[in-house]
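First up is the structure itself, then whatever we jot down about it.
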């Protein structure tokens with residue numbers, strides 16, 4: 001747990017400091033230098049909070065002489081008023097620091113590991129999140145853990161420490177994002193701008209956390225592919241531009257179409273997949289892996305090649321496969337995709353360490369090769385450079401990002417449909433969506449005010465009603 005200290009000066013030095021120079025400002029934005037500073041993705045390094053602190057060098061400039069001159073020309077009342085002002089100033093600064101401690105952070109994390117008893121980890125992890133009021137979504141699988149959680153810094157740190165108390169999950173790969181005041185307001189539940197909460201497991205629901213058990217922490221549908229055994233070469237955000245600027249490098253966006261549509265790296269290839277499990281078939285078709293494999297097998301069946309000839313053919317095949325550089329939102333899909341490519345004979349496979357989020361956090365916009373915004377799986381919908389809030393909203397009919405232009409299209413209906421899902425929805429589905437929207441506008445919650453509650457009195461059954469009628473007639 002992080003320990004926090006608030007610096008306090010003796011009253012005499014405080015008076016001298018206040019009268020000699022104006023107090024430094026103490027209100028900091030979560031996105032300014034006084035906000036949170038994300039740690040490195042690798043290793044066990046933890047996030048560090050930077051505090052606005054007083055400048056001690058001002059105190060070293062002969063405080064005693066300054067104090068004497070102040071006392072000589074001031075009466076006791078003036079000093080008392082000055083000390084009151086200083087006390088209030090430091091009190092305000094303390095409250096400002098405390099508010100920084102209470103501000104929300106979002107941490108996305110994952111770790112591939114041999115985790116066959118993952119189901120036993122679910123209940124204690126969920127109980128801890130609920131106790132600490134940490135929200136979000138976490139996936140546990142035999143191959144490791146993947147999640148995104150939101151809460152105050154101390155609570156989030158405690159959850160991450162608990163996860164890493166299992167030695168197999170130690171060294172989580174983490175990406176941290178501060179939360180804007182507007183998003184903090186949304187965090188406390190549904191709002192008029194997000195009636196469906198951007199998905200039931202969105203990290204910004206203060207009272208809700210989901211810990212799911214799945215077969216994979218990121219679904220590729222190929223159990224033989226194991227990032228635990230081998231992955232591609234990590235490339236830091238600082239070195240990424242040089243790698244993807246090389247004309248010999250094929251840059252692949254491993255995300256899906258609704259993500260690539262709003263932003264990607266300059267010159268990147270878009271596989272146009274609708275799900276990650278479609279990626280292997282795209283690779284096989286793009287690089288003719290199946291065709292080459294069948295031809296090679298046919299040659300082996302037809303002729304009895306020696307081992308040397310077989311090695312030469314394998315080397316020739318590898319020469320035809322290009323150097324690959326991949327990226328995704330936080331890095332997890334790239335680890336699995338790189339493991340798959342290595343199993344298919346690719347030799348030079350690189351992927352962006354920390355994903356797009358780490359790149360946007362560390363690389364200045366003036367030097368960036370990123371174009372557009374990055375889709376994120378929570379109520380922020382998208383982020384820009386510096387992880388600032390993006391401009392995209394969410395269609396609650398299909399959970400895809402939409403722009404201001406999309407919302408001007410005739411196919412857009414708030415809470416119902418957008419240009420990307422209008423033709424895919426039946427009229428019955430649209431009517432159900434309109435009913436949900438009406439419920440929210442009328443009661444402020446989907447399903448009505450009694451959703452999830454048992455009625456106080458059960459309605460009479462048809463048999464009882466008929467008996468009542470019979471008795472009255474007799």
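Glycine too: its Cβ is placed from the backbone N, Cα and C atoms.
Feature annotation (TrEMBL): of 20-67, 68-115, the stretch labelled region 'Disordered' is 20-67. Record note: among 160-179, 180-199, 200-219, 220-239, 180-199 is the stretch given as region 'Disordered' by TrEMBL. Checking the ranges 389-431, 432-474 against TrEMBL, the region 'Disordered' annotation falls on 432-474. Per-residue confidence over the domain 'Rhodanese' (245-368) averages 83 (mean pLDDT, predicted model).
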